[in-house]
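Taking it in order: structure first as structure tokens, then the write-up.
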Amino acid sequence: MATTNPMPRLPAGFLWGVSTSAHQIEGAADERGPSVWDVFTAEPGRVRDGSTAAVACDHVHRHREDVALLADLGVDAYRFSVSWPRVRAEGGLDFYDRLVDDLLAAGVRPVPTLFHWDLPADLDWLERDTAERFAEHVARVVARLGDRVTKWITLNEPAEHTLLGHALGVHAPGRTLLFDALPVAHHQLLAHGLAVRALRAAGTFDIGIANSHGPTWPASDDEADVAAADFYDTLLNRLFADPLLLGRYPEGIGGLMPGDVEADLKIIAEPIDWYGINYYAPTRVGAPQGGEIEFGGVRMPAELPFSVREIAGHPVTGFGWPVVPEALTEVLTVFADRYGDRLPPVVVTENGCAYDGLDDTDRITYLDGHVRALHRAVEAGVDVRGYFVWSLLDNFEWAEGYGRRFGLVHVDFDTQRRTPKASYGWYRALLREQRG
Ligand code: IFM
């Protein structure tokens, strides 16, 4: 259960929000071009329940109802993503235009993410040119929305898009390139840097990125386990953060990247105004164990130089992820120590959990624990400026289909009926309390 101790106050001006992404909620697939996710989900066996996101939460047609839920919830900000395939379609930007107007009219600040994995199906992150195409997409979106939108996110979790989509093949586009997927990381980083330039050229000044991070704990003190955990930490916590914040790749990685990396790093390290961290759970990592293993629904090939292990002694979410709020304090303080004054203010751009049911006390316990953990990081001196719950609505959870419910609001996918869960009431009350 959530503790009954009063929740400590986060500093004045702290931004409270919720997050979603286009492919996971929008539906209206026939009103936009195809993305790599449409191609992927059409292939048998790719999604656990065989579903697609063609309708999802039908948000494009029901966004007014969803904006009313946001207003009633009382969030300061709503993080959504702009679908690149929709922007390319005739009239596609009209939807975001209406959404932004409706959000502002409801007193909710729009915070768009410009890429959340739904790459147009004819593009490919293995191609450097995709970074240039992304900058054009960004310029188009900011030209239309930049008069009303002031806070922007370039990319969501390029690490997952690289690892799950291109190295391990469990997400779109389903490639199994292992370390040959690294150019995908570089091209997304380059795309980010070019996007920052495009946004600045349009006069915007409040720009961030949402990267997934979490503590990596070695399976034991054994040298081989520690080395494997360090390597995993480099992939998850440094591969994207070092180039963005320090202008260089972690040792040993730069040589694996394509193109004129030194020149690109200058673009990648364009200053940003804040750094987004998506945190869900820590990872325990040890030396390879030989043979393919399955972890959290992901098949990990034997060639990997590490193996992911169970974290015992903690409750787990409906997804089987360990619930460890103190690991959020840890990742925030480690980042502040590691990057010092190179780290701009931080925003927790995603945090949440999958549980079934409307009376979701487990989710309340999870969120309550994590907000307190965030507060401990603030007390320890980390400059954290916002917190976004993942997610407003139950939605299409990628390769898991509709079986993992992350929403504060339950969605009946047969009728599209929205029903606020107990956690929605809890978050609403928290926000009121925080504002005194
Ligand atoms: O649903 C995803 C989201 O798209 C990216 N971050 C993690 C969430 C939960 O798995």
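We count from 1, first residue shown onward.
Keep in mind that glycine also has a Cβ here, set from the backbone N, Cα and C atoms.
Whatever TrEMBL says is automated annotation, not expert-curated.
Pulled from TrEMBL:
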- Glu157: active site, proton donor (ACT_SITE)
- Glu350: active site, nucleophile (ACT_SITE)
- Gln24, His116, Asn156, Tyr280, Trp390, Glu397, Trp398: substrate binding site (BINDING)
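TrEMBL feature annotations superimposed on the structure.
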| residue | record | Cβ neighbours (10 Å) |
| --- | --- | --- |
| Gln24 | substrate binding site | 25 |
| His116 | substrate binding site | 25 |
| Asn156 | substrate binding site | 24 |
| Glu157 | active site, proton donor | 25 |
| Tyr280 | substrate binding site | 25 |
| Glu350 | active site, nucleophile | 24 |
| Trp390 | substrate binding site | 24 |
| Glu397 | substrate binding site | 21 |
| Trp398 | substrate binding site | 24 |
Cα-to-Cα gap, Glu397 (substrate binding site) vs Glu350 (active site, nucleophile), nearest whole Å: 14
Rounded distance in angstrom between the Cα atoms of Glu157 (active site, proton donor) and His116 (substrate binding site): 8
Residues close to substrate site centre defined by Gln24, His116, Asn156, Tyr280, Trp390, Glu397, Trp398, Cβ within 8 Å: Ser21, Trp117, Glu157, Glu350, Ser391, Asn395, Phe406
Glu350 (active site, nucleophile) and Gln24 (substrate binding site), distance between Cα atoms, whole Å: 15
Cα-proximity to the residue listed as 'active site, nucleophile', 10 Å cut-off, over binding-site residues His116, Trp390, Trp398: Trp390
Three-class DSSP secondary structure - His116 (substrate binding site): coil
Trp398 (substrate binding site) - helix vs strand vs coil (DSSP): helix
Structural state of Trp390 (substrate binding site), classified by DSSP into three states: strand
